[in-house]
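What TrEMBL says about this protein:
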- LYS491: ATP binding site (BINDING)
- 1-72: domain 'Ubiquitin-like' (DOMAIN)
- 462-714: domain 'Protein kinase' (DOMAIN)
- 715-746: domain 'AGC-kinase C-terminal' (DOMAIN)
- 243-275: repeat 'ANK' (REPEAT)
Amino acid sequence: MRIIVRYLEQNIELIVDANAKVKDLQLEISRITSIPPNLQKLSFLNSGNKAFLPSSSKLSYYNIKDRSVLFLEQKTIDNPQSPDEDVRIVRRYSHQASQDEIGTIYQEQNAHRAMSYCYESENSNNLAEWVTKAVIACREGNAEGLIETLQDYQVWRGSKLQEEDVGELLNSPYNGQWSCIHYACYMNHVNILKELLELGVNCNNITDDQWTPLQISAYQGNIHCVELLLAHPLIQINLMTAVRGSALHMAAVRGHFEIVKLLLENKADIGLEDPDHKTALELSSDRKIAELIPKYNGVKMLERFGQKNYEKPLGFCGEVWSTGTWHINDKIVFLILDSEKGKFMHYDQRDSYIEEKQPEITVPFEDITKVIADEVLNDKYFFSVITKDITLKYYTQYQDMTEEWTRRVDWCIVYFHHEARLKNAKAFTVPKKIPVKSQKKIVYEEEPYENIGESAIKKSSFEILGEIGSGSFGNVYQVRKKDSGEIFAMKALSKPMLISKNQLKYAVAECKILKAIKFPFIVRLYWAFQSQSYLYMILEFCPNGDFSSLLQLAGHLSTEVAKFYIAEMILAIEYLHSFDIIYRDLKPQNLLLDSEGHIKLTDFGLSKENVSDNEPAMSFCGSPAYLPPEVLAQTGCGKSADIYSIGTNLYEMLVGKPPFYTENVAKLYKRISKSSIKFPEDINEDAMDLIQKVMVKNPEERPFIHEVKAHRFFEGVDWDNMLQKKMTPPINIKNLRNLRSSHVIS
């Protein structure tokens, strides 16, 4: 169609597609007038009023037809306008409504009213017009239009947008109803939702008709939106509004099984009742969901009554606000949960702890009766530690942080009360061989930039040379220490991500264990420090990759080569077991090759301290193909779990794949639990005998580590020389990269 563009004293005639966007027309105009698209302001007359055209919208929205006349001005300050279209607003509805009713929740507004709302005079400066533009872009899934709106808004304001400016625009409701994030979640625009969250939009924003983004996503069955929201460190998974229940209620009532499962895995509260006093289980009419929720409730009960009684709490510390009944003279204090001494300690400031002064308050955990999360006032989340004599009141400015403190204190209370009742039984203490003083340097809480190790070491002490690898919570880099030129590996873990996925304790465990041990076949931790957002670990650099890469190149190993590396692995496991530490994730990916070709055990995130055969670890973790049957059955795992994994690793080295491997996880679990091991005809008989003995289904029938070392498969191995690294590795590191996948290393 032909469009007439009037600019100054001239008419410009252009041919454009009827379905073209305004920005397409602007590109054509820029070729003729040399006015950049971002400086063009197009308008047309509607009932005598000038109406402006945003570049992200289609011309057809405004009834632009053949021979229509548009007016072009060159921008100096942008003028906020919104598209003319039928604006649909989602009205209030409850989760009791039928699915057919939900299909008609949109209510069309009068077109003339929409036009009147959207169009304005040139001098208008109403924020609502910018909100309209942003909302329409989000509703349409137009990420480019959203960013363009923010850029134009900045030009119009005449100053650089601050975080609060972006928040004011994107968190404001359109026409008093929904904001950008609610439309993005409703329309399942995952890319828009991701953009909004990165821009700092409130992920828990409640609409006038009482919907949160997570509730909307769960109700609509938009699982990818649910995943994005759950990954946000500030998401309140159990948030309920005045007229409806939590996201779990929403997903249950609509029968979205996978979303229900996802919410439960992220610790959604099963016992919450909505305003009609209904739980999610009561609302569900789906059989699978009705079976799933009680199952997770059982797991939750096991965690509450089982794991706390047997797992020693980790040390914990950080700054919080101390307050009183009247909230007068609040001040920042430093708290320590000392799991070694069994005491709650309150310092007037962090420096007092660093300078080894006495704490202002010290209370044994056995004298604390309970800890409770109190009221929320003006973004202050309070918790109280109640003792026999006094009540100590604190708060943080983040809900998840207060929840973490109450969980940690409660864990200590349960554990040390249990210890007091069983004081004649064996105490859960860190073995004396581990230097406790080194653990004192590790800080586990969100704090300002601070060192865990030497005061002079920080991120800027290192030059990043390149990325080695990446994972769900961060990256690993090869770095050079600036003052010495030494090469290390730097692991950078995102603390918000660790907290949001309840993985912080595993990162802490890795720091704690590696800081306390030094062994030839275990990767060494030199320093650990943190900023407000990241936990950094400076580790020994192993330049030759991991064992899985070696197996991928080689296919499988000869008996003698496998024997050498399994022997080094056994020495590392024996050393850990001597400290009552079980590794729990023994697999080729966690065996690094150092510069000489010796193995180095790494990644202690799943390791657990102070576990004896009488006190098994109860959590479910590790890589599925290497898990022993008792872990699948969740009956707890002791040192015998590592013995079992020695067998799976030896089998994979000799055969090229784990013993029961299949892509089908259900079949894999069934094989691990019930099937016998199948061996190739050419496998070494002594190796086969060893694998069968260490991988017996009953953990009590597996040999101890010293019995494994004495097995005839290791006949001729000098364990002392092996420990002192006097044995030359059988793999020629220089030729490692030249191996072909069909080649067997011999």
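Backbone N, Cα and C define each Cβ position, glycine as well.
Packing around the residue listed as 'ATP binding site' is summarised by its Cβ count: 26 other Cβ atoms lie within 10 angstroms of its Cβ, all protein chains included. Residues in the repeat 'ANK' (243-275) partition by DSSP class (helix H, G, I; strand E, B; coil) as 17 helix, 0 strand, 16 coil. The average pLDDT the prediction assigns to the domain 'AGC-kinase C-terminal' (715-746) is 73.
Per DSSP, the domain 'Ubiquitin-like' (1-72) is made up of 19 helix, 30 strand, 23 coil.
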